[in-house]
Amino acid sequence: MLKTLFLLPVETQIFYSVLVFSWTVYLWEAYLSCRQRKIYRTTIHVPEELGKIMDPDTFEKSRLYQLDKSNFSFWSGLYSEIEGTLILLLGGIPFLWHFAGSVTARFGFDPDYEISQSLVFLTLATLFGAVTGLPWSLYSTFVIEEKHGFNQQVLVTIYADYIAPLFDKFTPLPEGELKTAIEDMAKSISFPLTKLYVVEGSKRSSHSNAYFYGFFKNKRIVLFDTLLEDYSPLNSAGEPQSETQSETESDPEESSSEKKQKSKKQGCNNAEILAVLGHELGHWKLGHTVKNIVISQMNSFLCFSLFAVLIGRTELFVAFGFTQSQPTLIGLMIIFQFIFSPYNELLSFCLTVLSRRFEFQADAFARGMGKASELYSALIKLNMDNLGFPVADWLFSMWHYSHPPLLERLRALGNVKQD
């Protein structure tokens with residue numbers, strides 16, 4: 001078969017090489033996902049290291065949540081691969097380009113107005129992607145996320161995912177013990193903290209997060225309200241009832257494990273929040289952010305340098321059905337999406353390995369600040385709050401996880417006593 005392929009015209013070789021590589025990557029990803037689904041199906045007991053910390057109910061919820069997500073990912077991934085293949089085989093890209101040209105022609109623009117045609121092409125391609133992807137997005141949000149208690153939306157998914165974050169309410173963290181402790185920690189490592197905010201992430205999702213941003217001497221830390229045990233509105237529904245209410249309103253058939261689950265609070269206490277921020281500040285202190293920016297810029301320079309070399313190769317355009325013209329936008333798509341795909345896969349894996357290394361280093365930084373025990377418990381709480389599954393297939397996690405699996409991070413933190 002390979003011998004026959006090499007006898008074909010170079011344009012045909014390029015086209016089928018792209019298809020073969022795309023399906024090879026898909027099958028590899030499907031194999032890895034299959035390995036991980038086996039872990040979800042067969043690991044039904046809490047790991048020994050977490051036996052005294054993670055209760056069986058939370059573990060089972062996490063297992064089922066990740067299993068649902070994995071099954072959904074299989075079908076959505078298969079659809080995406082088939083759709084992409086059909087678009088290439090049926091000449092969808094040149095068809096859409098010519099259709100965009102006919103649209104611009106109606107407004108008096110001839111083919112020389114490539115920018116106008118490119119804008120129409122991008123608009124049509126975006127609409128097509130939005131329409132074909134909407135059912136999958138709706139199912140993910142309103143079936144899977146809703147089923148497992150993460151979806152807080154009453155609004156359209158696109159609005160909640162892409163527009164609402166632009167209007168999130170950022171409230172300054174109130175004066176108090178936590179704010180003072182965070183400011184003291186920042187000063188201890190010369191972090192130029194200027195503002196501390198709490199963002200109402202609970203309006204869209206119950207997932208927890210924290211991050212910092214800003215340039216030079218103007219850094220700001222943002223905490224999701226779901227991260228703060230004493231701040232999260234998600235804990236209001238779980239406030240303990242009075243003794244009288246408990247006697248008169250409690251369900252006699254409710255199990256003790258269900259009552260225990262309802263009494264749990266979302267988020268971390270102040271000491272654990274400081275440990276999480278110690279980890280995040282470790283990324284800054286160790287230069288991880290700068291290193292990632294440098295790598296990104298070097299990669300962009302390399303890619304655009306190669307693009308300048310390849311953009312004049314007529315066979316690349318002919319391979320994808322463009323025999324009469326060589327539009328710059330189409331050249332960008334062909335080279336960056338198809339020709340660079342092997343390089344992109346290799347780069348992605350290398351960046352994943354590097355990211356995991358950075359995460360271990362940031363954990364070690366927090367441990368060096370004397371916060372190993374608090375980070376240990378915070379990682380477990382956040383994992384449970386987000387229904388993360390603590391067990392992962394080694395090959396799947398090596399390829400996919402930019403953050404090490406929970407058990408690996410806990411082992412790296414060392415033996416610390418837990419209440």
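Cβ from N, Cα, C; glycine included.
What TrEMBL says about a protein is an automatic prediction, not a curated fact.
Marked as active site, proton donor by TrEMBL: ASP363. Taken from TrEMBL, the feature Zn(2+) binding site applies to HIS279, HIS283, GLU359. If you look up TrEMBL, you'll see 246-255 marked as compositional bias 'Acidic residues'. The domain 'Peptidase M48' annotation in TrEMBL covers 172-414. TrEMBL lists 235-266 with the feature region 'Disordered'. For 14-32, 78-99, 119-139, 301-323, 329-354, the entry in TrEMBL reads transmembrane segment.
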Among HIS279, HIS283 [binding-site residues], residue with fewest other Cβ within 10 Å:
HIS283
Using other CB atoms within 10 angstroms as the count, which residue among the recorded positions GLU359, ASP363 scores least?
GLU359
Inter-residue Cα distance where the pair is ASP363 (active site, proton donor) and HIS283 (Zn(2+) binding site), in Å:
9
Do you know the mean pLDDT across the domain 'Peptidase M48' (172-414)?
84
Taking the recorded Zn(2+) site as HIS279, HIS283, GLU359, identify the other residues of that chain whose CB atom sits within 8 Å of the mean position of the site's CB atoms, giving them in sequence order.
GLU280, GLY282, HIS288, PHE358, GLN361, ALA362, ASP363, PHE365, ALA366
I'm trying to understand the geometry here, so how far is the Cα atom of HIS279 (Zn(2+) binding site) from the Cα atom of ASP363 (active site, proton donor), in Å to the nearest whole number?
5
